[in-house]
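What TrEMBL says about this protein:
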BINDING   Ala65, Gly131, His180, Asp247  (6S)-NADPHX binding site
BINDING   Lys217, Gly218, Ala219, Arg220, Thr221, Gly246  AMP binding site
DOMAIN    30-306  domain 'YjeF C-terminal'
Amino acid sequence: MNNFDDYILGKTDTSNVLIKGENSKINLTEHADIKDFIKKRARDSHKGTYGRVGFLSGSKGMAGACVLNLNAALRSGSGLVKGFVTNSIYTIVDSMSLEALTYSFDEQNLSFSDLNRELIQFSDVIATGSGCANMRNYKNILEFIIKSASQTLVIDAEGINQLKLEMLKNHKQNIVLTPHYGEFANLLKKDVSYVRKDIIDKATEFSNKYNVYLILKGARTIVCCPEGYAYVNTTGNPGMATAGSGDVLTGIVASFIGQKIYIIDALRLSVYLHGLAGDIGNSNVGEYSLVAGDIIKYLPEAIQNTIR
Ligand SMILES: NC(=O)C1=CN([C@@H]2O[C@H](COP(=O)(O)OP(=O)(O)OC[C@H]3O[C@@H](n4cnc5c(N)ncnc54)[C@H](O)[C@@H]3O)[C@@H](O)[C@H]2O)[C@@H](O)CC1
Ligand SMILES: Nc1ncnc2c1ncn2[C@@H]1O[C@H](COP(=O)(O)OP(=O)(O)O)[C@@H](O)[C@H]1O
């Protein structure tokens with residue numbers, strides 16, 4: 001295990017184990033790096049300016065994953081946010097995210113033309129997988145989206161579990177995968193201890209080989225791009241090790257991609273703000289009591305502190 005690994009795994013705070021500089025392909029993400037990524041809104045802008053974000057997420061017993069996706073995207077500045085959800089959770093999602101559009105589908109009898117019209121044609125960016133573990137036929141849905149959508153896809157949680165690496169061959173759109181270490185290990189068909197050694201090499205190799213953007217979530221989340229660059233985040237705290245924190249991140253990521261921020265900047269910004277909102281939450285409610293909804297609650301303060 002090298003010093004990079006210790007820093008990334010949160011075993012040390014000595015960030016200078018990472019070489020930061022123009023010639024290095026490994027960098028930290030700090031305030032100075034991302035502060036200019038969010039621009040002041042043009043006076044004559046309208047909701048269409050800020051992106052249409054579609055989520056296919058949640059399932060029976062996991063309605064909250066979709067609600068967290070939607071509300072995180074709305075609080076990150078998206079103009080239009082839509083949840084394409086199974087009818088078993090429709091009422092919950094519709095009532096817990098008033099500003100989002102919702103469309104319900106019948107899991108037993110899904111119409112792919114509805115999926116195409118209501119999600120794929122609607123969205124500038126699509127995020128899927130959060131809380132989809134109890135959805136029937138989710139693998140077919142995921143395959144259909146990867147084959148049919150040309151816009152950027154953000155694939156989380158069950159989407160990563162159901163992903164077969166062959167599905168990543170010759171994909172035409174940008175794909176962002178957001179695994180935690182357990183999910184990344186599954187993708188590689190290895191165990192977590194394998195992933196925790198030489199983390200950056202494994203993450204960048206994967207990103208390059210499959211031509212995907214990778215957000216490898218952990219104590220210090222790494223963002224990797226296919227060109228081989230890796231960015232280690234510097235915000236966040238162990239209070240964020242709580243159910244649904246990752247669903248919030250997926251909502252933020254999709255939102256900033258939908259706002260047409262250059263993709264790698266959008267990913268670094270999202271991860272930084274998610275951690276910062278968690279840090280502000282920690283200083284208000286403490287790391288024991290922090291819940292995922294608090295990350296959304298403190299996101300406005302995180303954004304305002306960042307762009308000031
Ligand atoms: N309110 C909701 O609707 C929620 C829905 N959720 C959904 O629930 C589904 C399943 O979540 P589960 O938690 O059962 O399964 P996961 O696949 O998320 O986790 C499996 C295991 O991996 C471990 N793990 C996570 N991060 C790790 C790291 N950095 N290093 C090592 N091990 C790590 C976890 O402790 C856990 O034991 C997902 O689809 C998820 O989106 C969760 O997000 C929780 C909240
Ligand atoms: N110890 C920690 N320090 C900082 N951030 C953490 C820590 N533990 C978890 N997180 C963050 O919380 C989120 C958890 O995501 P995930 O495991 O997908 O949770 P869930 O599936 O419950 O939504 C990730 O963004 C991760 O970086």
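We number each residue from 1, going along the chain as drawn.
Cβ from N, Cα, C; glycine included.
All annotation found in TrEMBL is predicted automatically rather than curated by experts.
On the structure: features taken from TrEMBL.
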| residue | record | Cβ contacts under 8 Å, 6 or more apart |
| --- | --- | --- |
| Ala65 | (6S)-NADPHX binding site | Ser57, Gly58, Ser130, Gly131, Cys132, Ala157, Gly244, Asp247 |
| His180 | (6S)-NADPHX binding site | Leu216, Lys217, Gly218, Gly246 |
| Ala219 | AMP binding site | Ile8, Leu9, Gly10, Gly236, Pro238 |
| Arg220 | AMP binding site | Tyr7, Ile8, Leu9, Gly10, Val232, Asn233, Thr234, Gly236 |
| Thr221 | AMP binding site | Ile215, Val232, Asn233, Gly236, Val271, Gly275 |
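The binding-site residues near ligand 2, defined by a Cβ under 6 Å from one of its atoms, are Lys217, Gly246, chosen from Lys217, Arg220, Gly246. Most Cβ neighbours within 10 Å, among the binding-site residues Gly131, Gly218, Gly246: Gly131 holds that distinction in the structure as shown.
According to its DSSP assignment, Ala65 ((6S)-NADPHX binding site) is helical. Listed in chain order, the extra residues whose Cβ falls within 8 Å of the Cβ center of the (6S)-NADPHX site residues Ala65, Gly131, His180, Asp247 are Ser57, Met62, Leu68, Asn69, Gly129, Ser130, Asp156, Ala157, Gly244, Gly246, Thr250. Only His180, Asp247, in sequence order, out of the binding-site residues His180, Ala219, Arg220, Thr221, Asp247 have a CB under 6 Å from ligand 1. Binding-site extent for (6S)-NADPHX: residues Ala65, Gly131, His180, Asp247, maximum pairwise Cα distance 16 Å (rounded to the nearest whole number).
The average pLDDT for the domain 'YjeF C-terminal' (30-306) in the predicted structure is 97. Annotated AMP site Lys217, Gly218, Ala219, Arg220, Thr221, Gly246; additional same-chain residues within 8 Å of its Cβ mean position, judged by their own Cβ, are His180, Leu216, Ile222, Asn233, Gly236.
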